[in-house]
Each structure stands twice: as structure tokens, then as C-alpha cells.
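Colleague: My questions all concern the structure below.
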Amino acid sequence: MWGAFLLYVSMKMGGTAGQSLEQPSEVTAVEGAIVQINCTYQTSGFYGLSWYQQHDGGAPTFLSYNALDGLEETGRFSSFLSRSDSYGYLLLQELQMKDSASYFCAVR
């Protein structure tokens, strides 16, 4: 059965003042779809971009980390980073109901 569900997107910063992140607040999708969650950031000291997934009532689960430009693929999830554009994204493929969660990008 195909149904629409929400992916909630949040943001988290590292410990340095003067940083900012931008992400959409929610994404609606259907099972089997491909969803791209974008993250732009501004920071004076950048070491990498991490992505986390958190289900209601649970602890955040680490998904990926990019320190260098390019695409990192891990199963159905891929993450991309462009340091020169201060931009990254998380790509979720073959979306499943269990993917309904909050997603966080975090700058280090």
C-alpha cells in the first residue's frame, strides 16, 4: 500500500559562535520515492558535515559524515558535500515507512 508520510528535518550546530544552518522544516513523500534534504551552512571553521536520523522517543542515529567534497553512499542513503558552496544534502532512495523520522545535519 502506498501512503504519504512526513520526514521532519531539523538542524544542529557545532560549538562555534557565528555559525548558521538552513534546512526545510518538513518534507512529505510517498513510499518508493527519492527524497533530497538540503543543508546550507555558514561557519568560520569547518571540519565536516554529519547527518543523523531520530525516530520519535529515540536517540539520534548517525547516518553519514562528509569531510571532503563529493558523494558518500551507504545503502539507500547517500550524502553529498560541496565545501566551496557551503552546501550538502542527504539523499534517501526507495523510501520506506520506517524512514519517517527527524533528520539533522550538523556542522563540525
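For all residues, glycine too, the Cβ spot is worked out from N, Cα and C.
Take a look at what Swiss-Prot says about it:
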DISULFID  Cys39-Cys105  disulfide bond
DOMAIN    19-108  domain 'Ig-like'
CARBOHYD  Asn38  N-linked glycosylation site
SIGNAL    1-18  signal peptide
Colleague: Which state, by DSSP, holds the residue listed as 'N-linked glycosylation site': helix, strand or coil?
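Modeller: DSSP call for the residue listed as 'N-linked glycosylation site': strand.
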Colleague: Using a 10 Å cut-off, grab the number of neighbouring Cβ atoms around the Cβ of Cys105 (disulfide bond), all chains included.
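Modeller: Excluding its own Cβ, Cys105 (disulfide bond) sees 27 Cβ atoms within 10 Å.
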Colleague: Using the alpha carbons only, what distance in Å do you get between Cys105 (disulfide bond) and Asn38 (N-linked glycosylation site) once rounded?
Modeller: 9
Colleague: Just to verify: the residue among Asn38, Cys39 with the fewest other Cβ atoms within 10 Å, which of the recorded positions is it?
Modeller: Asn38
Colleague: What does DSSP call Cys105 (disulfide bond) in the simple three-state scheme?
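Modeller: For Cys105 (disulfide bond) - judged by DSSP and reduced to three states - the answer is strand.
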